[in-house]
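A.B. asks: For B:8-260, the entry in TrEMBL reads domain 'Nucleotidyl transferase'. As annotated by TrEMBL, alpha-D-glucose 1-phosphate binding site applies to B:100, B:165, B:180, B:181, B:191.
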């Protein structure tokens, strides 16, 4: 029997990737040439064969739903269980719940109908390749009420600032949860706990006028729970700002990072039927990731190119991220630029951003 | 089953001996083409794009890969409640069992399959050609001519004509003679192996042919000549566009090379006529610093550290530093070491090419395309001197 069910909670994630999240939520932001951020957590859940996955969305989820469809790409189009997209839609005048607790409260049926005994909770901003089955065994072995996942970061960056930190004792128990910026143990927004306990906590918090599950049920009630810590050591990136988006995209050009993230090619995404990429005689490409369906006649250096991009003769793309179906006309130049989907850059046009603050061009612009 | 105007029957049972090692364990229609496709993707995608939603795929030789590849047909949008794609292997019947004895016999033994859709017309396709074609336009032509049978033809150079089934027609394209591989061809209209029949007419012809012990049960050799001799109304449908028979190692290689020019005659990037295929779901391809790629098509999951010139790389191919690949087709998951030279070769899937090997660089007859797999490479390649 499948013991685990998944909760992907986008409720508290801020859509702060500027132009990239004007019209879509953070989880739907395209990443790594052909994926969207949500693909990574969904693929992790697919690998762990979760019974069902509930995706709690609140804002700007049109493109996310388009991407997810019936969940087939993640093998989640099941007769029993599978993927459930759960938007906030409730008109109970007696309902007093708030925040993500309101979500959970309004979807009690989703939890109760599943036969799984444990809930795996995750957000979408921490990109990783965690094995949830391993987390599950660890959780059982520790006999904890809840197990939180963290990664010890050698070099803290600005994107880690908003993340919570876990203090862990020698036995792998969480002794404190806080926001101290210099602490290296980053909480990955992921935990596992028994479903019954989870629902009890939800009821309790609502009864006490509280609004955020993690803060109110776990962080604040730390002393009443046995909280274990699971250290994750694989590939990890936090995408919670434009600069972290750009930096982590560029770092995928590093072979080690690329193989770390894709080592078993297990990241799934919505299937597109693109031809393989065509490099014309005049193409000149180096140190770049290129998805299918592109036609490249120009120069591409240190860049991440999404599906169906056309780069015409004499054009130069350097240190840039070029999303789906952009067209870069002859002799145009971009450097340190992020082009969102469907941008058309006319001939001879030159756009140069700063390597720390890339220039971002919003979706479907014609320049 | 609901009545259909036209049902397609795709002949996919052939071994394709002339493709040698490429068809050792898979049927010809399952052979890879164009960086990501298999040959059968072309007729299947043509069906979907032409609005034909009911396709029977007749298998015989090594059907495992082919039938698991087709699956429920969802990749070609052929997973339908009413219709869809059906894999039809030879089967035992009350009157005994045997393999399909020929192309016509394969359809004859699946009469019941076709009958359940009660179609007006049947489209016969083969699984060994690369082309994009609107079968619906052909059906319109067939109906306009009130034909019993319409055969799609392509104009071939007269010197090649004797390799094909050649149709001799009157001015209005009414067929009066069909010659299979004639020594002295009288026309240059070659059959593409794409036929539309009135089902009623074909059905009767198949029943007669099925009883004929002397028949070879073949469309080209038996059914079409028989219908012609009965004076049935048969027309040629001229097709203009790219069409290629990829039945030999050389023609398969050539058709792959045709994709590499800056304006290829077969456009795979046409959003109005997509070629669907099963997606291997690989990460984006990585082109390393110092790599050179030109005049090539490369699929996802590849890691290129060397030089790739005028070649086709299927998914998850790795090319090591210092290696140079020219005029070649590299099938999926091939690992090419460092400082390797490959010229005018097809490397079969999963082959590992060791460092410093040279393949096809030093040969007299460049017309022959080398076919390399894990068994053959030791024999056919010579380790170069250490550089």
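Here the Cβ of each residue, glycine as well, is placed from N, Cα and C on the backbone.
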A.B. asks: What three-state class does DSSP give residue B:100 (alpha-D-glucose 1-phosphate binding site)?
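C.D. replies: In the DSSP reduction, residue B:100 (alpha-D-glucose 1-phosphate binding site) maps to coil.
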A.B. asks: What same-chain residues, at least 6 away in sequence, bring their CB to under 8 Å of the CB of residue B:180 (alpha-D-glucose 1-phosphate binding site)?
C.D. replies: B:165, B:220, B:221
A.B. asks: With Cβ-Cβ distance below 8 Å and at least 6 positions apart along the chain, what are the contacts of residue B:181 (alpha-D-glucose 1-phosphate binding site)? List them in sequence order.
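C.D. replies: Non-local contacts for residue B:181 (alpha-D-glucose 1-phosphate binding site): B:162, B:163, B:164, B:165, B:166.
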